[in-house]
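Engineer: Handing you this structure, nothing more for now.
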């Protein structure tokens, strides 16, 4: 596996002082302290669970799974994302502190997978809900591919500039036309507008009183005949 190149240190002064910038020091400290929030909804998450074992030992990368989004700086989505789960995913992402990163793992997360062909409730790409930093294709991806995706994310962190990363979130989030979603406001407050995600049904309900009022009586003789 390729090692991460971090050419930010000034090596002109030997054996005594290391000169660098605050931005480079911040990036270096975050390389080995990625705390992921595991968002698994389908079979792809089983492949990620195998990383916890001694064979792959993902602890060497400083990955410490967290159960709270407020303690995580990386969310790893694995599996199919449905319309019902979309508000929960957006809320979890908004509750994560900056800077935060997203890895989309598996075909179902990236494009909707095989469920997107005939399913009305499948979100065709998690990037329509939250910004994605690393795409990890596969059905499902191997654990080695997950390690490679984490390595690429660490390389991206090593090169980024802090002021560019702390940018305003997307003002609007556009959903696919097939889902009949609408453009919604930025959910920075954590209060997701449920009415925009679940529009009222076009069919109106008939009350019980109205149903029995206009229902014509049918005798047992007519029912038999």
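The backbone N, Cα and C atoms fix where each Cβ goes, glycine too.
Quick caveat, the model's predicted, so the values are computed rather than measured.
Relevant sequence annotations retrieved from Swiss-Prot are reproduced here:
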BINDING   43, 44, 108, 139  [4Fe-4S] cluster binding site
Engineer: Taking the center of the Cβ atoms of 43, 44, 108, 139 at the recorded [4Fe-4S] cluster site, which other residues in this chain have a Cβ no more than 8 Å from that point?
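Structural biologist: Not counting the recorded site residues, we get 42, 78, 79, 80, 106, 107, 109, 113, 138, 140.
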Engineer: Within 10 Å of the Cβ of residue 44 ([4Fe-4S] cluster binding site), how many other Cβ atoms can be counted across all chains shown?
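Structural biologist: So the Cβ neighbour count for residue 44 ([4Fe-4S] cluster binding site) comes to 25.
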Engineer: Could you check the binding-site residues 43, 108, 139 and say which one's CB has the most other CB atoms within 10 Å?
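Structural biologist: Checking each of 43, 108, 139, the winner is 108.
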